[in-house]
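Beneath this line is the structure, given in structure tokens, with notes to follow.
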Amino acid sequence: MGPRARPALFFLILLRTVAAQGRPPRSHSLRYLFMGASERDHGLPLFEALGYVDDELFVAYNHESRRAESRAQWVLGEAHSQLWLQLSQSLKGWDHMFIVDFWTIMDNHNHSKESHTLQVILGCEVQEDNSTRGFWKYGYDGQDHLEFCPETLDWRAAESRALTTKLEWEVNKIRAKQNRAYLERDCPEQLQWLLELGRGVLDQQVPPLVKVTHHVASAVTTLRCQALNFYPQNITMRWLKDRKPVDVKDAESKDVLPSGDGTYQSWVALAVPPGEEQRYTCQVEHPGLDQPLTATWEPSLSNTLVTGVISGIAVCVIIFLIGILFRILRKRQASRGAMGDYVLAECE
């Protein structure tokens, strides 16, 4: 895959990180995704930003328009508010910072401006106990590159070629302190404001409909646990064997996907030994549930009836065949008895 094909793919990967499988139930998050391309062709922007609250898109910004555009009904009336203007100014500042960082990284790699991309994800999460966690990560040409550590005010290099930029940025302590102030103070405050605006929309909770289905293919028995029609999309699904968690490596999971009606769906599957299906339980946690929900595979009544009918027919066929065989044997025995009393006449 060439450099031009990577940006869209990596951006999709970033979007998947927004999915709440990585965010605990009953927490809230504010995330910004930035992407830029060194060449303005093939539909790739120099800088584009998308903002998400609890995984719901609420704002978009690009280098050409240089303004924040609302992407959710619950923020439409805030275009002229002081906080929205501050948000717009922040995005303009990030626009400039992003481009400067982009050129710095390319220079440190001795790269020309042809066919390179930069991606950033930054934001914060607020847990149910009001504790917070901030994050600020860079990706270059589709690979993890640098991550800011607010506790130590330094940068962690995800690859060796990022070391030069890491050392250069760590000299700038003013920027590091500004980054930490945003992650630990400004971001949680902005998130609280947005949650207030979205009250009644963002705080709605629709519990999932959970069912377990049974599949047999190529001599492999699989149980699939489906969670349907839930909101918000942060959900935790796991398999239990004899009430103990199964290693996640043994299970196949599906990303949380929109259902098309404002709700979400997901599933997790597990291959099990035939005949041991009842030992496995699917456990689901979701903000709409007061406690974890469990579900097991229940053989359907129709399957039971079909099995019973087939078994009954098989028994009847066997009895019928035994009866026919019995009659044939009796006839043979009768024929042998008649032949025993018959004597051939002598020739005269």
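Backbone N, Cα and C define each Cβ position, glycine as well.
Remember, predicted model here, so these are calculated numbers, not experimental data.
For reference, Swiss-Prot has these:
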- Cys124-Cys187: disulfide bond (DISULFID)
- Cys225-Cys282: disulfide bond (DISULFID)
- 207-296: domain 'Ig-like C1-type' (DOMAIN)
- Asn110: N-linked glycosylation site (CARBOHYD)
- Asn130: N-linked glycosylation site (CARBOHYD)
- Asn234: N-linked glycosylation site (CARBOHYD)
- 23-114: region 'Alpha-1' (REGION)
- 115-205: region 'Alpha-2' (REGION)
- 206-297: region 'Alpha-3' (REGION)
- 298-306: region 'Connecting peptide' (REGION)
- 1-22: signal peptide (SIGNAL)
- 23-306: topological domain 'Extracellular' (TOPO_DOM)
- 331-348: topological domain 'Cytoplasmic' (TOPO_DOM)
- 307-330: transmembrane segment (TRANSMEM)
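Residue density at Asn234 (N-linked glycosylation site): 24 other Cβ atoms are found within 10 A of its Cβ, drawing on all protein chains shown. Sequence-distant neighbours of Cys187 (disulfide bond): residues of the same chain at least 6 apart with a C-beta under 8 Å from its C-beta are Leu30, Gly123, Cys124, Gly134. Comparing CA positions across the recorded positions Asn110, Cys225, Asn234, Cys282, the one lying closest to Asn130 (N-linked glycosylation site) turns out to be Asn234. Ranked by Cα separation from Asn110 (N-linked glycosylation site), the recorded positions Cys225, Asn234, Cys282 are led by Asn234. When DSSP labels each residue, the region 'Alpha-3' (206-297) comes out as 6 helix, 53 strand, 33 coil, counted as helix, strand and coil in that order. A separation of roughly 16 Å, to the nearest angstrom, links the Cα atoms of Asn234 (N-linked glycosylation site) and Cys225 (disulfide bond).
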